[in-house]
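Marked as active site, proton donor by Swiss-Prot: 468. Per Swiss-Prot, the feature active site, nucleophile maps to 544; the stated evidence is sequence analysis. Marked as substrate binding site by Swiss-Prot on the basis of sequence analysis: 108, 207, 468, 544, 545, 546, 547, 611, 1010. According to Swiss-Prot, the Mg(2+) 1 binding site annotation covers 423, 425, 468. The annotation Mg(2+) 2 binding site is assigned in Swiss-Prot to 604. The site 'Transition state stabilizer' feature in Swiss-Prot is assigned to 364, 398; the stated evidence is sequence analysis.
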C-alpha cells in the first residue's frame, strides 16, 4: 500500500459527526478504520520476534484507569474533551451492564428492539469511555501509532484529544485506527462513544446475552514509517503429505519513493533451530497490461519433511517476517504456523490425507461474573477441559473470537470453525437481509475482515459464513469470494437448508439419526438418509446437535454409533459448551445464577441460555462424561470370555500410543476378582488383540460379573495431569449357574389388628399400615421412627427443560411432554385405596393393597402393592399396575418416601458414579460406588429432575438397605419443591432426605429441546408394569 506525504484532511466537528447518524446506516461499516490484518507486535529484533518476547512497540491499555459516562441517549459534546461529573471509573475491558449500568438482555431468536432495519431506537443507551495514556517521543516523531480495539459492542465513534478519528461497527473483529496525527506530548485522552444499538445489531441476533461496551482488550501499536501492513502465510503439503512449502504474501505501506530498496525476509523456526529462510525485494511479477504490485512481494520457501500440525500433534513453527532497507532491519512480525493440508476428497473432509472425525462443541464467549469479557486464563481453562473430555474441535459460535483464542488453539491443538459475525434469526423471513443487496457491504466486511485477520492460524480448518440467516445472494457472493481468496480451506454454511451451493459440507443443525423432519422449504433429513440422497457427495458434519440444556444429552451414543458406521458422517458440534448464566445478588439478598428475565429484560427467553455441558463456572454437568465416553479415541471389543480376550482399536489418526496404559479388572457384585495392566503400543489407527486371562474361573455363586477396561496416560501432558483417564468400557460376563439357598428365618412376624391399622412386629421392627389409605405410614426400629412420610407411588418427575420445550405461560405448546401430562391430569390425580388386606403366610406376613388414581371420576391408574414382611426385618415389595390408554406415556413408575437425614455416604451397586438415565448411561459403569450425599444431586440452575442412578441392585445409606433391580435417587429435595422453584439457589432445606426408587423411568431426550425428543424405545409406552424391591432399616 502506498501512502502520500500530504497531511490529514479536515475532520468534522462533534455535531457534524452525530448528524450523519452512521449507526443507522448499514452501508457505513466504518470510517477511517485501517484495513484488517493479522495481529502485529512490530518487533525491532528478529530473535525477539522468534521467541515471542514482549514487544516495546505494543502496549496494552487494559485496566481500571478508564472512566465511563453513561447516557440513555447521545451525550453532549463536552464528553469529547472532558470527563463529566457523572462519569465513573470503569475497567476496560468490561460490559457496562456488568458494571451497574443498563440491563443485560437475553433473547434467542427475537430481536431485543423493534425490527426496523437499518434504523435502531432513538433511545439508544450510549457510553462514553475516557482513556488516558502517554507515549514516548519516538512514537510521536517516527512511524505510525495505531489504536486497536479487539472488540466493542456494537458501534463506536472515536476522538483523540478532542479531534474525531473515525467510526466502526462489527462488535467481534478488531478495529484499528491511525492516531499519529492526533498525539501530543504528555497526557493523551481518548473518547470512545459506544452505542448499544447500531445497524450492525441487525446482523448480531445470536442466541446470547445482549451486552455493550469495550469488552475486549485495547492496544497501542507503534509501526515504523515503512512497515508491514499485511502478511498472508500459507503453509502447504505436497500430494504425498511429505514435503512442504510456505507461501508468503506481504504488503508494505510506504511512500512511493521509499519502496525502492526495501525487501522482505522470512525465516522458519522450531525453538532455536532454523528450518528455512529467504529474502526477496519488493514487487510482484506482472499481473496484467498495467503492470505489477510495487508494494507487495510473493514468494515461497521449500521445507523438507516438516512435522505436521493436527489437533493430536499440534506441531507449530514460528514464522518470522522481516522488512529490510538494505541490511537495516526495519521491523519484524511473527506468527505460529502449522503444516497441514485440508481438503475434501472422495466425499470426506480430510486432514493430511486422513478422514477427520469431528468431536466438536459450540462455544460462546461467556463468563458468569464478567459477561462477555473472557481472559486468557478463561480460554485456557476451556481448552484444557475440552481436550480432557476428548473434544478435538470447536465452532466459534457465532462470531470471531478474541485473537488470543486462536493462538492458544494452535498451540494446544483444537480444530476451529471460524464463523462470521452474521445472524439474522429474528427476521421474517430469515433471509430478508441475506438476499438484500443493500446489505452486501455489511455482510462482505464481516466475512472478508475475518479472513484477513485470522487466516494465518493453522487451527482454523473451516470458514463459516455465519449462522441462521437464511440463504441469499449475499452469502452466495461471499462463498465465491472465499473460495477464490482462500482455496486452502472449505466453507460451510447452514442457512437456507444446510446443503445449498454455498457450503462445501452438509452442515445441518439438530438433524436426527433416523427420523426425517420435513420442514417446509428447508427439510432436515435423517443424517443416514441425507448422505445417500441422489447426487449428494459431500461430507456431513452437524454444525449443532445434542442440545445439552439442563438434564439432557439422551440418545447421544446413537449419533456416535452412526458416525463410526458411516464414513461420510464425520461428527458434529454439540450445542453448547457452557451455561450462559450470570452471577447476581437478587432483591431478597440471595446470590445465585440469573437467566433471561432476571434483570427485568424484555423480551427474554428465560432459561434457554443454559444449554451447556458445564455450569457457568465450568463445573461439569454429568452429560460431559457421556460426551467424553462417546467421543473417546479407543474402541473395545470383547472377543471371548475364556480365554478372556479383547480387541483395542486406536482412533488417533496421527499419533501412536506413546503414553497409554490399559488397566483392566473383573468384578463380581462390585468385588474385584482379577486385575492387571499393560502398556499400549499402537500405531495411528492401529489395533491389537490382547489376552487378559488364559482361563476365566469364577467362584461359585458369583453374580453381576463385569469386565472393566480403561486407558490412562501415566505421564502428564500439555493439557492433562498424570494418570488422566482417556477411555473406558465395560462388558458383562456370564456368571456361573448356581442355586441360592432360601434363608432360614425365625418365627413369623406378629400381625396386630385394629380398626384403623395393621401392625406387624418382628423383633425390634414395627411396621404400621393405615387400613383406610393403605399406606405404610410408620416404620420404627427399636422405638425410633424411620419414616418422615409414608411410602407412596410416584408417577411424575420435576419437568426437564426437554419436557417443557418451548411451552411458556403465555405460549402453550400442546405437544410438550409437560403439557401432555398436565392436560391428562397427571399432576392432580387423587389416590383412593380400594383394597387393604392382611394375612399371615408360611414364612411371612402379607399386606395386599390396591389404589385407584382418579382424574375426576375416571380411574386412569391402578397400582397394586404386595408388601411381604419377614421376621428378619425385611420388607419385600412387589408392585404391579396399569394405566389407561388415554394417558400419555408416564415420566416414571416408582415410589418415594422421606426419611431422617444421616451423616453417612451413599453406597450402591449399580451404574455410576455420576448421574445417569436410561438413554444417557453409556458412560456409567456397573460397580460398587460410594459418594457423599451432596454428590447425589445435580444442582441444575433451573431446578428439574436430577440425580438418578440406573440399573441398581443394592443401595445402602446409613441404616437403610435396599435391594432388587431399580433406579434410584437420594437427595434432600422433594419432587414438589423441584417443580415449584425456578432457580436452584432458592431451594430450601427440608426436614429430611427423599429416597426415590423407580422400576421404570422415561429417557431425558436431547436431540433438541423444543420438540419431544425422547426416542420411542425410551418412552414408557407400555400400559402394564411390575417391579420388586426389598427394604431393610437397621
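Each residue, glycine too, has its Cβ placed from N, Cα and C.
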Site extent for substrate, whole Å (max Cα pair distance, 108, 207, 468, 544, 545, 546, 547, 611, 1010): 18
Cα distance (Å, whole number) from the residue listed as 'active site, proton donor' to residue 547 (substrate binding site): 16
Residue 364 (site 'Transition state stabilizer') versus residue 398 (site 'Transition state stabilizer') - Cα distance in angstrom: 7
Spatially closest candidate among 364, 468, 544, 604, 1010, the listed recorded positions, to residue 425 (Mg(2+) 1 binding site) (Cα to Cα): 468
Recorded positions clustered about residue 108 (substrate binding site) [Cα within 10 Å; pool: 364, 423, 468, 544, 604]: 604
Cα-to-Cα gap, residue 423 (Mg(2+) 1 binding site) vs residue 364 (site 'Transition state stabilizer'), nearest whole Å: 14
Cα-Cα distance linking residue 545 (substrate binding site) and residue 604 (Mg(2+) 2 binding site), given in Å to the nearest integer: 23
By Cα-Cα distance, the member of recorded positions 468, 544, 545, 1010 nearest residue 364 (site 'Transition state stabilizer'): 544
Entry from the recorded sites list 364, 398 having the most other CB atoms no farther than 10 A: 398
Binding-site residues: 545, 1010 - member with fewest neighbouring CB atoms within 10 Å: 1010
Sequence-distant neighbours of the residue listed as 'active site, nucleophile' in its chain (C-beta under 8 A, six or more apart): 362, 397, 494, 509, 510, 572, 573, 574, 575, 576
Rounded Cα separation (Å) that holds between residue 468 (active site, proton donor) and residue 545 (substrate binding site): 14
Output field, Mg(2+) 1 shell: CB within 8 Å of site CB centroid, site 423, 425, 468 dropped: 109, 205, 206, 207, 398, 424, 426, 430, 466, 467, 469, 495
Those recorded positions listed as 423, 468, and which of them has the most Cβ atoms within 10 Å of its own Cβ: 423
Among 425, 547, which are binding-site residues, the residue with the most C-beta atoms within 10 angstroms of its C-beta: 547
